[in-house]
């Protein structure tokens, strides 16, 4: 009994070590963002400062980064992410309903196709897509980039949503149909409300994809007032040397929304994973 | 990513039974439903993949971008890169980095997964939440944070290494520039990528572990086998499908890593290129873009990844993920 307790304590200590190592880089980012410059470049780095300052946040939010205000980058990122979420969510919901509810020819082919394109090297696709958008006159525009992001989010969104649609008992829809509801009505009043949690999870994933994306935004957007937050981070190095305080404040502003979203769906995600694993 | 989740077993099938009465007539419904998604995927992914193949055989530079027809060069770009030691160097970087990063990610991730499974509920939630923070961090910020941690001025890692006894780690760490040689650059990149990728492995392994009946371990304990043996004779065989999928996905991700290396090392540092950066640099890196040449390198990358993807799809289909 005592040995068992001792061992449990050992695992708990190990757990705390893993926790500390996992969050340390993010902690260091946030803590640097609050440090005054002399503490940032001090010969002996300290984990936290006794004289926290909001100056770096003020600089980032108040002064232009490469001649454009933080809020412009923020707005561009937000618009891109929201458009991606809505469009890919809609497309994915339709397709996920099809593969979860119907058996049809090419169904397996379609699913295999999703698996394949989900793995496609976007780093290679950037070259032909650059030429395509150029031909369509969509380079250097947020709508062109949104189009690309929708394409990248859809395959995974379908694969994720499929499980959520399949988990809704088909009997509910059949009952509604017996009561005289047409397919459209069944979709909106039965399927949609029940699949809403899945839609939220899918949306958050699409949001994060668009919010974090760097390569395509960097390649396709020329004008600074069209750039997104990850691109803004790149400007920091060019324009203000190594203003690490401001860089870390900006990183914090870019990162925290994603972490909050991620943790919000964490439980659903983990339980979704577990549920999938148990069904033998 | 998450579909590895259900990789362990077949998802229950709630679709219509493929009865004869139903399958005889072709219903347009499901086709109409998948059509928009299919169209988007075809235009934005399948068509460009085909295009890279064509572009890799063409000269596409500034003049072609201005509207002149692209000149066909046949296999010239492929002959050029295969004869160029620099290409083989970038390929070596790509392969070695993937090998090391995947091994570390799988090992550390699995250990964390096993630990999560042993912890009490509250502690497991805390640790899981912590590792998810690493997973959620955008690649750009992750790369920036690690550049800062491993930086020469005010960098924490150099300061720590300088404090450690010289007999252990050697001296002269105070001004050590991690981004001066490819080996040290890739060391930082590996730490950064493994830090971000472990959580996904840990959570997936945990999900798999939850599906293994406790009785198996109890029976093994009664038979006198220790934890090490139980791990190799029970856990590993049962979780093999999960491990397969995780390894294949990690290989693919690490093979084409771009953002982190780009942020840490940039396009000016050619010595540290991997295939992704090499292709990008040829296509967009200079005032004289060589999109055909970049495409040829991208084709090599894509072909390698297609082989790996084929393994992945085979595993998924066999596990009934597409049923």
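Note: Cβ is positioned from N, Cα and C throughout, glycine not excepted.
It is B:1-23, from the ranges B:1-23, B:24-46, that TrEMBL records as region 'Disordered'.
Per TrEMBL, the stretch carrying the note transmembrane segment among B:162-185, B:186-209 is B:186-209. When the ranges B:67-94, B:123-150 are checked against TrEMBL, the one recorded as transmembrane segment is B:123-150. Here the transmembrane segment (B:31-49) has long-range neighbours at 302, meaning same-chain residues at least 6 beyond its ends whose C-beta is under 8 angstroms from one of its own.
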